[in-house]
Every structure is written in structure tokens, then in C-alpha cells.
Amino acid sequence: MAKEIKFSEEARRAMLRGVDKLADAVKVTLGPKGRNVVLEKKFGSPLITNDGVTIAKEIELEDPFENMGAKLVAEVASKTNDVAGDGTTTATVLAQAMIREGLKNVTAGANPMGIRKGIEKAVAVAVEELKAISKPIEGKDSIAQVAAISAADEEVGQLIAEAMERVGKDGVITLEESKGFTTELDVVEGMQFDRGYVSPYMITDSDKMEAVLENPYILITDKKVSSIQELLPVLEQVVQQGKPLLIIAEDVEGEALATLVVNKLRGTFTAVAVKAPGFGDRRKAMLQDIAILTGGEVITEELGRELKSTTIASLGRAAKVVVTKEHTTIVDGAGRAEDIQARINQIRAQLEETTSEFDREKLQERLAKLAGGVAVIKVGAATETELKERKLRIEDALNATRAAVEEGIVAGGGTALMNVYSKVAAIEAEGDEATGVKIVLRAIEEPVRQIAQNAGLEGSVIVERLKTEKPGIGFNAATGEWVDMIEAGIVDPTKVTRSALQNAASVAAMFLTTEAVVADKPEENKNTPGMPDMGGMM
């Protein structure tokens, strides 16, 4: 396929048009008075959002050169989202400002490589200063503030803070769509996995359709159990103890299942069978987790263990087990604290090494089940469109909160970037390098300017006053007042601000050093001739 090539100024100008189209669509969402953007969906209702990365990913431009520019800035948003989970609009605004200012200077004859050096130098100083002014996050109230600012909703802030308090730093917080109108928090304490009872005849509470076992023994195996002869020795020992039994196996079927059900119905003893969670190697790991949590052993032929020679000493214990049609929850397992801690440390080590996002998510889930718990925020709304928008906002708030716990917080509303202004301005540089530093200085004003403009105010006036205010004092665009940002609860996670600045600078530097752009030539549609008449037909 034939290619079209553009060089130097012409290439950069074409890409800049794409950058501006994307950034202008994204930046209207910035700040407490930012607007929403409506995205068309081929199927179903349109998506209304103020999430920068969601908007950026949707934008495809017709001109291939403009599209390349737009895609570069979309990458800034995407990368910031991957690292910090929020701050994508800020990153886009910073990137647009750096590219725009940089291009003016390159057009005027500045050397792009010198400018790049200056940008990198300035960003390094700004990042160091951001880390220096960062404050660690303390207490439930601080967490609630970070979440409330990100989601623009105080109720959501309180929900996330409560969820984090209840599941701890190793816990997992997930989002689900609720059937109702309200957003609620549901916390599952203990080890829960997505497998229910094998037979509904095993239930003990017919109103709730669940089996509740108090102080049960827990048999854990990766085998398929079909013969009752294999289970008999261990069953007899459990019956003598007068305790119920939970069997976690690959499957329980045939004669074994029938015997368990008949004994349950006759009231001889209570046993509930559930299938083992997960698949393949993950199943083995999860069974081992359950064994460590309950103080039992996994009965597997890989270790030369057979079911029929199992004794009661190999079984796990728990204070309570609740089994529903779809879930099994083990509460208060009897495993030794040091064994559980060793397993947690092992999973943490795997988490640090893994490169797969999927594996990371699964390891995090396992860690939560062993260490903290799992909190589910059920998002409710009146319409499907509102539900999607609300879910995206809460997801951002959740990510922002995690980032804040990790690296601390700085003043929000673009104030933190303005607080590092003097440090960046003091950098000693000459020539094109000094120009690069000035480009960063102009760019770090941009978020404040944009937040003010979205609130219907003159951005330049706010920026100039901010330069004279003492550090930490900023402009609250929601109320129009000048306040101590951290005291007023207007905060941003340091990680979010830092990632936005670093990613914007990285893409801007690449953009300015571009000298040629190659794109596919659009194919001309040659109209195919119509079919000839078929004589005599009506």
C-alpha cells in the first residue's frame, strides 16, 4: 500500500491539529465545574463521562496525520491511568501545553534536542519537589477527602474510606452494578470463593437457601470423589466427633454424593460438598491457601496422599462455613498465624515479580482473602447511562485513593504544580535548554488555568495571584474562595500529579524531536459499475 510522507514543520503542524482536537475534548472535564462528554455507542445508550482516558480512547480522526497526534496524547492519558488510575485529564492538559509551547520555539529555530534536555531537567526537579512537599495520608477522613475530590461526590468518598478501613491495605475493593438506585457497601470477611453446594439437598436453612456449618471439619482434595469407600474412614472419624464436614474436591458425584445426601436427610450427620475453586495451577494454589487458612492439608496424589488413608488430623477447622448456591465463605479458619503470614509474604513476592495484569489481579485477590477481606461497592443509579458514568467515577476515585495511600497527598486543584514553580524557575540552564525549562513552567500553569476557565473565570488572573500566595494556598473553583487546600480537603494523590507530569513530558519530548511522519495513503473508492438491464424484466 502506498504511503504518504510529511516532513518537519508540515508534519508537526498536522499532528498538532490532532493533539488539539483530542485535548480540547478532554480538558472541558477538568475541575469541580468541569462538564461531561457524550460518547456514541454503536449499541445501547450513549456513554456520558468526565473520565479523560475513556474519552481519549474513543477518539479516531479521519486524517491519518492528525490521528497520530491524537493517539500520542491518548497514550499519555492511558499510561497515567495504568500507573496511577486517575489524573488522565491533567496529563492530557499538560501534554497539550508542552507540545504547543515547544512547537512555537522549534518553528522559531530552536534545536528540539536542546529543548528536550531542558524539559527533562525541569520535570526531574519538579518531581523531586513534589515528593518533598507530599504529606502521608492519615486516617479515614483523609482517605474520604481524596476519594470525594476524585469522584466529585462526598457520599462516594465516605463509602470508599469505610471500605478501605474494613478490609485493610491488603484487602480488595471491587465494583459491581446494583439492581437498585442507591450505592451500597458490602464487606465479605473471611475466605470466599465462587463455588456453591453440589446438591441443593445439602442446605440447612431452607428460607435463605444456604448451608451453615458451625465448627466444621474441612476435607480439602484435588481429586474427583465418586466412591463412598474412599470417604468412609474419614467420615466415621468425623461422625464420632459429632461435627459437620465440608468437602472441597474437584467434584463429588455418584455413590459418594448419594450417600452424603441420604445421611443428611436422615439427620445422621451433616456434610456439604463444594467444587474446588479456580482451574489448573491456580486451583492448586487456592486449595493450598484454604489448607493454610484452616490448618489442614491438601490430600493430593502428587504428594502420595490417598483419601482412604486420611485421618482427622489432616482436616482443616473453621469457626463457621456458609455455603450458598454460588459462594462458599470460610470464617475464622484455625490455621496458625505464622503459617498464614508466611503464605502472605510468598504471594507478595510473586506480586512484585509478575508482569501480567491478569496474574496480578488474581494474586491480589488471593492476598485479600488471606489477609484482609473483600469489599464490594454496589453502584446504583436510575438509568443505565447514569450507572455507567457513576461506575467510571467511582473506579477513578478508588484508584486515586490507592495512589494516595502509596505515595501521600499534595494540595489539589493544580496548586501543587504551582508550588513547585519557583524551584523549576531557579534551574540554571542556557540557550535551548533554558527554553525547555520555560516550556515546562508554562505547562504547569495550565491545569489551574483550565480549572478556572471551566468555572467561568479568567485563568490568567488566578495563575498570577497563585504565584504570589504562600505554598498550600489555592483557589477553590467550586466556591470561588482562596483557601488552604489541604485543610479544605482539596487534595490530589502525589502519585497522580507526578505520573501526569512525567508522562506528559515524555510524549512532548518525543513529539518535538519528530522530523518525518509516514502514514497510509487513503484509498480512493472506485465506484463499481451497476448491473446491466436484463431485457424484458419488469
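Glycine too: its Cβ is placed from the backbone N, Cα and C atoms.
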Look at the ATP binding annotation in Swiss-Prot, where Thr29, Leu30, Gly31, Pro32, Asp86, Gly87, Thr88, Thr89, Thr90, Gly413, Asn476, Ala477, Ala478 are given, and name the residue from Asp20, Asp492 listed for that site too.
Asp492
Distance in Å spanning the most remote Cα pair of Thr29, Leu30, Gly31, Pro32, Asp86, Gly87, Thr88, Thr89, Thr90, Gly413, Asn476, Ala477, Ala478, Asp492, given for ATP:
20
By a 10 A CB contact count over all chains shown, which of the binding-site residues listed here is most packed: Thr29, Thr88, Asn476?
Thr88
Excluding near sequence neighbours, so keeping only residues 6 or more apart in the same chain, what lies with its CB under 8 A of Thr90 (ATP binding site)?
Leu30, Gly52, Thr80, Gly414, Pro447, Val496, Thr497, Ala500
If you count other Cβ atoms within 10 Å of each one's Cβ, which of the binding-site residues Gly31, Asp86, Ala478 has the most?
Asp86
